[in-house]
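A.B. asks: Take this structure first; my questions come after.
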Amino acid sequence: MTNLSDQTQQIVPFIRSLLMPTTGPASIPDDTLEKHTLRSETSTYNLTVGDTGSGLIVFFPGFPGSIVGAHYTMQSNGNYKFDQMLLTAQNLPASYNYCRLVSRSLTVRSSTLPGGVYALNGTINAVTFQGSLSELTDVSYNGLMSATANINDKIGNVLVGEGVTVLSLPTSYDLGYVRLGDPIPAIGLDPKMVATCDSSDRPRVYTITAADDYQFSSQYQPGGVTITLFSANIDAITNLSVGGELVFQTSVQGLVLNATIYLVGFDGTTVTTRAVAAGNGLTAGTDNLMPFNLVIPTSEITQPVTSIKLEIVTSKSGGQAGDQMSWLASGNLAVTIHGGNYPGALRPVTLVAYERVATGSVVTVAGVSNFELIPNPELAKNLVTEYGRFDPGAMNYTKLILSERDRLGIKTVWPTREYTDFREYFMEVADLNSPLKIAGAFGFKDIIRAIRRIAVPVVSTLFPPAAPLAHAIGEGVDYLLGDEAGAASGTARAASGKARAASGRIRQLTLAADKGYEVVANLFQVPQNPVVDGILASPGVLRGAHNLDCVLREGATLFPVVITTVEDAMTPKALNSKMFAVIEGVREDLQPPSQRGSFIRTLSGHRVYGYAPDGVLPLETGRDYTVVPIDDVWDDSIMLSKDPIPPIVGNSGNLAIAYMDVFRPKVPIHVAMTGALNAYGEVEKVSFRSTKLATAHRLGLKLAGPGAFDINTGPNWATFIKRFPHNPRDWDRLPYLNLPYLPPSAGRQYHLAMAASEFKETPELESAVRAMEAAADVDPLFQSALSVFMWLEENGIVTDMANFALSDPNAHRMRNFLANAPQAGSKSQRAKYGTAGYGVEARGPTPEEAQREKDTRISKKMEAMGIYFATPEWVALNGHRGPSPGQLKYWQNTREIPDPNEDYLDYVHAEKSRLASEEQILRAATSIYGAPGQAEPPQAFIDEVAKVYEINHGRGPNQEQMKDLLLTAMEMKHRNPRRAPPKPKPKPNAPSQRPPGRLGRWIRTVSDEDLE
């Protein structure tokens, strides 16, 4: 199912090929295991548009062979005319015997213009019909859209320049190979004789029966009288056979019959014919039997066949005008389409219709078909074939994804631009390790995550020897899925986990044990004898076990270490940090090869493996320890890393080693520790704390140690022991103290070519840092420079600033930036940073912090009410909400902590129904219907009010119900003849006439009479 050698991706090749056929073929991971070869075949056609500018392209997206579809042009009379068949570039039967279709996609669009046309016109409708071509009742441009009600199987009015893409999705699974109708050696007199081996499995059979005792009667005509005895719809694009018998009875002497079978295409024209009887004379008074058995090869099926008919031509030897001709007929026939019932062969069909395209334009059909092919004996001499790989995890994942395709937005027909945009989404679906960011934007994330949870555990049932390993990682499946999920304690521990050990490709191991975690804990050891802690093991098998990604289940303490790549002695090129785990004992088999064989001694003479042999570690330990790099942390286990990490140099892990030596925890401590513990019991600060802080946060961990960041545990060992919680339940309740703002670049991972000489945290570097601090106390300018460096380091932009300095050697751009920077107290600074004008940029809480604060508030409120089980972790698992009434009742009755997201409806008493009195209902109906003095409410309205009281269990209507009742009352009043007459509305006063304008005293005004 996946590629275990890839640490970042777990691609399911089959579903990737299904959704994106242009990525190439992939073997179908079912249990049909035959040696085959994979091949991609292209199909490219330039179809010329007819005079009407309309046409139809019929695709058979699931047909297992060279046939892709057919093209029809529309004539002026409104009928379609067959143009040509659409095939793959290579004729597969010429070189291969058997075939299975893996995936197929085709694109239809136009980008050319004929002479004299200056605009690209025309639109496209496309639909996938879950039936055969002959079953379509309306094939017009608009009628096609009614062929299905599924919105994911049709699109309309797509511009012909944009085009549509047809995607083939499987209609069935676990299918066998289909014979292609390949030519076979034939022995005959004619060297042109051709023999083929056609598919015989899954035939489609049509049985056609004539009406009982069909009677024919007519007068003689020169040339005979033609009638159609049989006519029925069939579907065929490959070879077929027709067999049956007819029985004729007549009382007329000298009748002669000619019978012909016609295969009719989709456009109504004849594809091919076969004579059943030629000049057969009927004997009067007896049953005249006419049997037939016809075979029509694929070579004669030049276009899709959609119907069959049997015509009878009746004549009479020596007949004269006016002679009577009559007979009775009965019988039946059967049409067998070889391979016609193979899923995808004849159904479904996809129809792409175009309209109003300029005459003479070219419509391009281009696509790819991916096959599993078994070559013929001649080609097999030079072509290597391989078995397919049975991978039920990949097969089940594909089936589950496609079973939810309507909810996941996976269509069979697409606008080409939309399909291109969805390719990134399809890559997420095919990659089990993807974080589902695009799927989350579309709302499909939860569905795919649920499907992954179902598909991944297949490993446990398929490989029983690997079942202990599958059970050991069971609690961490959510993290293996590559997305954040809540652990048992409510905190997302490892949001970037990789599905490495759950892919169904685990090597079988000769192990025997009662508990899975014992097997896992010892799986990666190389014992001196075959018995390890009572577990019978095979050393030969275990020696190769280090190639597997390990889920280690035992106690450990964690600490981050900074890794740099350097160009010279003091110029770092890139900065990164890695999390390490301290494990008790000598466990070099768990380390990457780059760390093995390297150790450092402690003051007590014990060894710490994984450190470079540089002096003595200033600690006294009671036993040996091993330091291993890790990728992820879960509740009670860690995932080891196989990255080429060099041996460690420096004192960053002293605090974690000392804690491991004193307390010896049984599970991993879910708090990273950093600090250099010296021989006097003092905890010294370490460098690059912001980089280490970002590394801890990426794994969902807090960072403990001296300094004002995350958990300040004091300046000495005694204070650390006093402040650090030793109960695992208290780890998640540790606050994030003074959590700095991490820019987006803080989460970047750098690809480092790491070697032991490149590890930069050395005693010499620490001595240099102390020397710089001493120089800063004397030289103010150097103090400023050191402050700038520490500011860059704490904000995680040292590398970015170093790269900027390389691009600005004379600091011209930096001077311009500083000259134009806002001044202290300016309006822009006050708007951005507040009244101070300077300081750390204000920011609101992150979604995770806000959610955590909400959970804490709900928990404190519940605790004040005496509900002590509602801890912040429980509230988070309960969907970030407090306990429901059912959960409270369950806790009160059983005193057991209820399961989150379980409502316990059995513990909630059903609401008692109260019946309202008739007087109460009448009073409410009268009040709602109208004011006193108006007509009484009709009985129909009283019944409506009674229904509301019944729905509300005796309570009155709510706001929405009151609105509905008022509208009902208004409607009833308008049609009630007994309603009170409406009061007349007062008429507004007529506006006074506008006085004439003020004129001069000597100017005479002109009236209407003067004008007359």
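Cβ from N, Cα, C; glycine included.
Take a look at what Swiss-Prot says about it:
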{"type": "ACT_SITE", "residues": "S652", "note": "active site, nucleophile"}
{"type": "ACT_SITE", "residues": "K692", "note": "active site"}
{"type": "BINDING", "residues": "D30", "note": "divalent metal cation binding site"}
{"type": "COMPBIAS", "residues": "975-986", "note": "compositional bias 'Basic residues'"}
{"type": "DOMAIN", "residues": "513-755", "note": "domain 'Peptidase S50'"}
{"type": "REGION", "residues": "970-1012", "note": "region 'Disordered'"}
{"type": "REGION", "residues": "1003-1012", "note": "region 'Interaction with VP1 protein'"}
A.B. asks: Let me make sure I understand the structure: which of the recorded positions listed (D30, S652, K692) has the fewest other Cβ atoms within 10 A of its Cβ?
C.D. replies: D30
A.B. asks: Suppose you look only at the domain 'Peptidase S50' (513-755); what would the mean pLDDT be?
C.D. replies: 67
A.B. asks: Where the residue listed as 'divalent metal cation binding site' and the residue listed as 'active site' are concerned, what is their Cα separation in Å, rounded?
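C.D. replies: Rounded to a whole number, the Cα-Cα distance is 46 Å.
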A.B. asks: How many Å lie between the Cα of the residue listed as 'active site' and the Cα of the residue listed as 'active site, nucleophile'?
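C.D. replies: Spelling it out, the Cα of the residue listed as 'active site' and the Cα of the residue listed as 'active site, nucleophile' are 10 Å apart.
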A.B. asks: What three-state secondary structure does DSSP assign to K692 (active site)?
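C.D. replies: In the DSSP reduction, K692 (active site) maps to helix.
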